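The region 'Disordered' feature in TrEMBL is assigned to 1-45. Residues or ranges marked as transmembrane segment in TrEMBL: 54-78, 90-107, 122-142, 154-172, 192-214, 234-258, 289-312, 324-342, 354-376, 388-409, 490-507.
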Amino acid sequence: MPVTAVRRNPPRHTIEEADIGEDSFPHVPIPSRRKHGSGSENDSRSLEGDYGNVALLLFLYVLQGIPLGVAGSIPMLLQSRGVSYKDQAIFSFVFWPFSIKLLWAPLVDSLYLSSFGRRKSWLVPIQYLIGVFMIFLSYHVNSLIGSEKSGDGVSVYFLTFIFFMLNFLAATQDIAVDGWALTMLSRRNVGWASTCNSVGQTAGYFLGNILFLALESADFCNKYLRSEPQQTGLITLAGFMFFWGIVFFVTTTLVMIMKHEADDPDADSEQGILDTYKQLVKVIRLKPIISYAIILLTVKIGFAAADSLTGLKLIEAGMKKETLALFAVPMIPIQIILPLIISKYTAGPTPMDVYLRAMPFRLLMGLVYAFMVWISHGVQSSPGVFPTSFYAFILIVYALHQVTLYSMFVSGMAFHAKISDPSIGGTYMTLLNTLSNLGGNWPSTLALWLVDGLTLKSCIGAVGSCEKSAPLEEQCTQHGGACETNVDGYYIESILLIAIGFLWYIWRYKKVKELDRLDISAWKCS
């Protein structure tokens, strides 16, 4: 039996992206990654000798995007089943693992079986486990997710646990693949690792989210893909999960047998796991970092209602989930082009100036989102049928929102790159983006949790109450009545959080300016 080897290596996984995926609109996340080493060498040099490695990396990142995409589609499926927003809040925890993987990344980088391979020691069992979870889900997901327009049969807690574990495994696979990319590719082509990540994960997310929602919809398939209507789509969630579970098993076996992992002494160092965590503690204790951490953990409060609830509210208003999903397609070119344009304005010594200029406009977009949801109830010619002009309005609004979102995202990334101590750049950058991701996750989860409690309903046509209780709503309908919304908590929450956002802007404006103009030495660990 080979013995587990504990090598003193630094964490090669450097998460250098911010989570811009808090938006409840379906979207294809375009990761922004910069790997240390030869990351800038992604130029015209030949890929000769690395074509197979690039193809393998691309495919591994596609596999990573599949469970992420499926998890991203579940809230829409749940919404069409009439679950409460508290249930949506519970399920939103499945998106947290990618935001906190810094906690276990050093372990993945440093513990392995030397006889099997440093990255394969994690990649192979992790991908087998993903396959197991997906095949298990394929047999049980129909009972877990319930039926359309009835949230009674939804097992939210168990569904959340399964998808949380799936995303936890996908996040761990990401750590292993990121590290393997640095040694799999030759030095002159290591810059292609970030390209493989962006393209592969985006393609996987597209397959697991947008394409799945379209092909799962009977309406979409009957309208565009069939000559004779049927009651189901071309695929089901169970069949989709089973297919990709088998793909994970087959491809992982092939990688295990056919792909040899070469050692790269240049990628190793004498730094151990404890040293890595000590570095994190040193960074966290810096006074500028403490101030900036408070900013990162609170800055997105004002966006929480718009980002987490708007898409779900449009589905509640009658928009088909697959229609909403397809809005992501025209956004892809915009999401690619915007960072290129915005980066020209964030390349100077004070990138957070752009951040501060964009924030009020992003807050105001929350009011536009609320207006869009409000008019969605009145523009329908019949239930679920919206005019083309309304779809065009949504596209324009969403595109404008992307401008404000990416202005803050790109400027924040530029600031992180500017202040990170080069001696521990990977750890430093990872910590900053972990804080940024958490700052987006917890307000979104809280916004989902609170909206039902802020919604006021009354029982029409029968004696009863519909206030904040599913049993009371059921009692009203059983007596021949119907629960009617008097005040939607989404609008209350939107106005309240936007107001908090502007108060935060006034409170932290000078501090952000001050941090942006601090000497670089203030951010370095002694």
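Using N, Cα and C of the backbone, Cβ positions are placed for all residues, glycine too.
Where the annotation comes from TrEMBL, it is an automatic prediction and has not been curated.
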May I ask you to check whether the transmembrane segment (324-342) and the transmembrane segment (192-214) make contact, with contact taken as at least three Cβ pairs under 8 Å and only pairs 6 or more apart in sequence counted?
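They do touch: at least three Cβ pairs between the two stretches lie under 8 Å.
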Report, as numbers and ranges, which residues of the same chain sit near the transmembrane segment (90-107): CB under 8 Å and 6 or more residues beyond its ends.
11, 13, 15, 19, 21, 68, 71, 74-75, 78, 156-157, 159-160, 163-164, 166-168, 170-172, 174-175, 273, 276-277, 280, 308, 430-431, 434, 437-438, 440-441, 444-445, 448
Suppose I define contact as three or more CB-CB distances under 8 A, residues 6 or more apart in sequence; do the transmembrane segment (192-214) and the transmembrane segment (54-78) meet it?
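Touching, yes - the transmembrane segment (192-214) and the transmembrane segment (54-78) meet the threshold of 3 or more Cβ pairs under 8 Å.
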Quick one: find which recorded stretch in 54-78, 122-142, 154-172, 354-376 has the most Cβ pairs under 8 Å with the transmembrane segment (490-507).
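Between the candidates 54-78, 122-142, 154-172, 354-376, the best contact partner of the transmembrane segment (490-507) is 354-376.
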Please work out which recorded stretch in 122-142, 154-172, 354-376 has the most C-beta pairs separated by under 8 angstroms from the transmembrane segment (388-409)?
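If we count Cβ pairs closer than 8 Å to the transmembrane segment (388-409), 354-376 scores highest.
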Short question: most Cβ pairs under 8 Å with the transmembrane segment (54-78), which of 122-142, 154-172, 234-258?
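Out of the listed stretches, 154-172 contacts the transmembrane segment (54-78) most.
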Quickly jot the same-chain residues contacting the transmembrane segment (154-172) by Cβ under 8 Å, restricted to those at least six beyond its ends, or write none.
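Residues 64, 67-68, 70-71, 74, 78, 81, 83, 87, 90-91, 93-98, 101, 104, 108, 122, 126, 129-130, 133-134, 136-137, 143-146.
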Taking residues 6+ outside the transmembrane segment (354-376), which of them lie with a CB under 8 Å of any CB in it?
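For the transmembrane segment (354-376), the sequence-distant neighbours (Cβ-Cβ under 8 Å, at least 6 residues beyond its ends) are 299, 302-303, 305-306, 310, 313-314, 317-319, 342, 345-346, 386, 390, 393-394, 397, 400-401, 403-405, 407-408, 410-412, 415, 490-491, 494-495, 497-498, 501-502, 505, 509, 512-513.
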Grab the same-chain neighbours of the transmembrane segment (122-142) for me: Cβ-Cβ under 8 Å, and only residues 6 or more beyond its ends, written as numbers and ranges.
60, 63, 67, 108, 112, 116, 162, 165-166, 169-170, 172-173, 175-177, 180, 236-242, 244-249, 251-252, 255-256
